[in-house]
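Participant: Starting off with a structure, shown below.
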Amino acid sequence: MRSYQTMLNNGETFPIIGMGTYSGENDRETTERAIRTAIKMGYRHFDTAKIYGSEPAVGNALRRAIHDGLVEREDIHVTSKLWSSDHHDPVSALQQTLQRLGMEYIDMYLVHWPVALKPWVDYPIPAEEDFEELDMENTWSGMERCLEMGLCRSIGVSNFSSTKIQDLLDFSCVTPAVNQVEMHPMWRQRKLRAVCMEYGIHVSAYSPLGGPGNAWGTTSVVDHPIIQSIAHKHNATPAQVALRWGLSQGASVIVKSFNTRRMKENIGALQLKLDEWDLHDINKMEERKIMRGDWLSNDTTSPYRTVQELWDDEI
């Protein structure tokens, strides 16, 4: 699997396909079993976050796999994220994440969202009154201290727009290694990818299939006639085509499924090759901001309206 890695701007390697561990049910046993299966299939990047509630399961599964000789720690990449109520003290937040994981360090620590919530907000959908002013310069200084202390190997951001990236670079000493954002054939992030490329920031795609199965997601990507046609042409699945498209753009992809068949299908995208005509056809697909679609942006009373305004500069 070492050939399925990319090099980050700090010299660290980064697997180009990862396994997301968010689960609405948050079933620890199911999560641990899925991670062990994923390791046997060849997955080496595991993405978690404080707000997912999956850090204990991820840590336990990985420690057991290492103990059993399935994999070495240096071959595993663990990403977690700073929740928006912890912006005042990233160091303490990461130390707590490490306790939950049972690890001495993680490979990547991301600022989950470019918004700040009041310290007691520990739920994923905040109310409007839960937001407070964000001091991103102070937050990023704390992230840089995490790096200096050896609590993580790399630091980065998530859900940052082009403007937010450029604002951050005005005061940062360490350039983010990664920006993890929604990206798929129907939300291609051309502007953001260009800005990130200019500064050597790797783009990592979450919801690379459009989030089917999630409350906010859709099957529009995998059901699209162009994706279906390309899949038929290559004797592949629509999911593999969508994932391979993301990889062909230089991004890595974070896939989320605990279903053994789909996990195998997803990692099979590494073997697929798309030609220039496939890429041309995909570029003709109408774009739709699925993550910020009807569930979010059309509800003027949504508690996420404050977040939505952050994206008006077009991520």
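Keep in mind that glycine also has a Cβ here, set from the backbone N, Cα and C atoms.
All annotation found in TrEMBL is predicted automatically rather than curated by experts.
Quick paste from TrEMBL:
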type	residues	note
ACT_SITE	TYR52	active site, proton donor
BINDING	HIS112	substrate binding site
DOMAIN	17-285	domain 'NADP-dependent oxidoreductase'
SITE	LYS81	site 'Lowers pKa of active site Tyr'
Participant: State the count of C-beta atoms found within 10 angstroms of the C-beta of LYS81 (site 'Lowers pKa of active site Tyr'), not counting that atom itself.
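Facilitator: Result for LYS81 (site 'Lowers pKa of active site Tyr'): 26 other Cβ atoms within 10 Å.
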Participant: Cα of the residue listed as 'substrate binding site' to Cα of LYS81 (site 'Lowers pKa of active site Tyr'): how many Å, rounded?
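Facilitator: If we compare the Cα positions of the residue listed as 'substrate binding site' and LYS81 (site 'Lowers pKa of active site Tyr'), the gap is 5 Å.
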Participant: Quick one: Cα separation, LYS81 (site 'Lowers pKa of active site Tyr') versus the residue listed as 'active site, proton donor', in Å?
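Facilitator: Cα of LYS81 (site 'Lowers pKa of active site Tyr') to Cα of the residue listed as 'active site, proton donor' measures 10 Å after rounding.
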Participant: Count the other Cβ atoms sitting within 10 Å of the Cβ of TYR52 (active site, proton donor), across every protein chain shown.
Facilitator: 22
Participant: Counting across all protein chains shown, how many other Cβ atoms sit within 10 Å of the Cβ of HIS112 (substrate binding site)?
Facilitator: 21
Participant: Over the domain 'NADP-dependent oxidoreductase' (17-285), what does the predicted model average in pLDDT?
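Facilitator: Across the domain 'NADP-dependent oxidoreductase' (17-285), the average pLDDT comes out at 96.
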